[in-house]
Amino acid sequence: MREILHIQGGQCGNQIGAKFWEVICDEHGIDHTGKYAGDSDLQLERINVYYNEASGGRFVPRAVLMDLEPGTMDSVRSGPFGQIFRPDNFVFGQSGAGNNWAKGHYTEGAELIDSVLDVVRKEAENCDCLQGFQVCHSLGGGTGSGMGTLLISKIREEYPDRMMLTFSVFPSPKVSDTVVEPYNATLSVHQLVENADECMVLDNEALYDICFRTLKLATPTFGDLNHLISATMSGVTCCLRFPGQLNSDLRKLAVNLIPFPRLHFFMVGFAPLTSRGSQQYRALTVPELTQQMWDSKNMMCAADPRHGRYLTASAMFRGKMSTKEVDEQMLNVQNKNSSYFVEWIPNNVKSSVCDIPPNGLKMASTFIGNSTSIQEMFRRVSEQFTAMFRRKAFLHWYTGEGMDEMEFTEAESNMNDLVAEYQQYQDATAEDEEEYEDEEEEMAA
């Protein structure tokens, strides 16, 4: 069966990952000891996408947990579902990366990476037909960004034909945890552009906004934010785990969403998001789901899709609904907002329908969009990067770990190229496409 191997790294990655497993266990009826306690055969039918069945009927997540310090791992282990993970799959160092990308990528992380790869290999060998990897990490710190990208590039070498999906938490515009975030993020994007197949871009500020505005939470915690992320993560793979009328998998997703290989950074959204008090006053309909799903306030990263154009998008619906209605709604969105879609990719929205809704909801939908407006985020990080790099501020922390300034310059120009590519396709029209083809050929030559 099409298994997915889940990897989480660093503090942020481990906290998101822990929440994700709570959601997945809940959907498949697995209790915190790993025993099945559900009531529907459908929960077990394709449970092996994310779980390995061990002796005594226990289900063990196909998860690898890594960090350069033991703290977060301990809290995952003592958390509600901490006991279902395989103890050997916790790989951690003692020193920490101290928010330093170079430590995670070159020094501390490099020492630990082989033991992580051993665990990954062992898990991959347990798979019948491994479909790919999903990695949770943040790009602002040291471990998730530095060691996370190191692991991604190593896995790329060893499993070149498997899908590599990342859930990457970008530094947010107004909320900054560390001063050197722009450095860490730029160096990471440099890696992700080359080595990942699909990146779901998340950021804390957008998630906070959703919690404040839509969910009406007075004081959102990281737990609330991570819950939003895990709902989306579960939606991305629901087609693999439950039967549906229109299925999609990681590869179909990539084929439908990525028109040019470098442009694989997606915005994600989830619907229905309603505040706890007002849930019972809303009837869920496909039009309503669609409307909320495309709403810019619903996007989990701080870029406004109205400032750019969608190259492609994908909508995954869950629950009992008519596919005809889904198709009509999707067409409707495209016709009414045609200026926000590039016209040189006709029918650029893919939809899929899965019959089983998430627990507690009649129907739900997950949105993944490849929009040129995501350049706003890269541009913002790039400006912060340039401001510090021009003065060579904080560089000694990185050069001290053996990095070269050259690497910073390369990462910076790669990020700026990415922004320029998004801009180019945002401005492109169907008529002047021929010119681009000539340019592409020249570039290729």
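Including glycine, each Cβ sits where the backbone N, Cα and C put it.
From the options 26-45, 86-105, 426-445, the stretch Swiss-Prot describes as region 'Disordered' is 426-445. Of the residues Q11, Q83, Q245, Q291, Swiss-Prot places Q11 in the same GTP site as E69, S138, G142, T143, G144, N204, N226. Residue environment of S138 (GTP binding site) contains 30 other Cβ atoms, counted within 10 Å of its Cβ in all protein chains. All protein chains included, G144 (GTP binding site) registers 32 other Cβ atoms within 10 Å of its own Cβ. For the binding-site residues Q11, T143, N226, the ranking by surrounding Cβ atoms (within 10 Å, all protein chains) places T143 first.
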